Amino acid sequence: MRLILLSGLLLLGIFLANGDEVDREGKVVNSLIDALMHLQREFAKLKGSFLIVHKARSFGSGSERMYVTNKEIKNFEALRQICEQADGHIPSPQLENQNKAFANVLERHGKEAYLVVGDSANFTNWAAGEPNKAAGACVKADTHGSWHSASCDDNLLVVCEFYFIL
């Protein structure tokens, strides 16, 4: 919405900077208002389309979170930077259906990936004998969604988590 308002102000500023005659009949202002209303309608359509796609993807995975890979293989620190740059997060499944959606990505690619486990996690999916701190300070998920302790230096599939507050 701010972008639309700024666009309208920019158009008005361009008109005034050109030194054109004063718009006594308000034609320019009315034209700007029409353009602004058009931009608002287009923005509403785009927002609606985005929400439809998001809801469809959420319905298909059973999760309000999306897990996406760029197919790169990186260590934990590189993953953190990549997800941060993409405005995403390192996967942190909080529910069984989220873990299943995450595991579906891993199964499709036949690879393991890092995840983070919060201190107050109500949901966990540790494999038998895990967590095993001797194996490392990080956590990885296998293609079945089971969690294992891992070295943070392991090179695993890059998967970032994206979620939306609707």
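Note: Cβ is positioned from N, Cα and C throughout, glycine not excepted.
What Swiss-Prot records for 1-19 is signal peptide.
Feature annotation from Swiss-Prot assigns domain 'C-type lectin' to 46-161; the stated evidence is sequence analysis. Secondary structure by DSSP for the domain 'C-type lectin' (46-161): 43 helix, 29 strand, 44 coil.
With a cut-off of 8 Å between CB atoms and residues at least 6 apart in sequence, the same chain places His89, Ile90, Val158, Cys160, Glu161 near Cys83 (disulfide bond), listed in sequence order. Annotated disulfide bond per Swiss-Prot: Cys83-Cys160 (among others), in sequence order.
Taking all protein chains in view, 7 other C-beta atoms sit within 10 angstroms of the C-beta of Asn122 (N-linked glycosylation site). Feature annotation from Swiss-Prot assigns N-linked glycosylation site to Asn122; the stated evidence is sequence analysis.
For Cys138-Cys152 (among others), the entry in Swiss-Prot reads disulfide bond, with the evidence type similarity to another entry.
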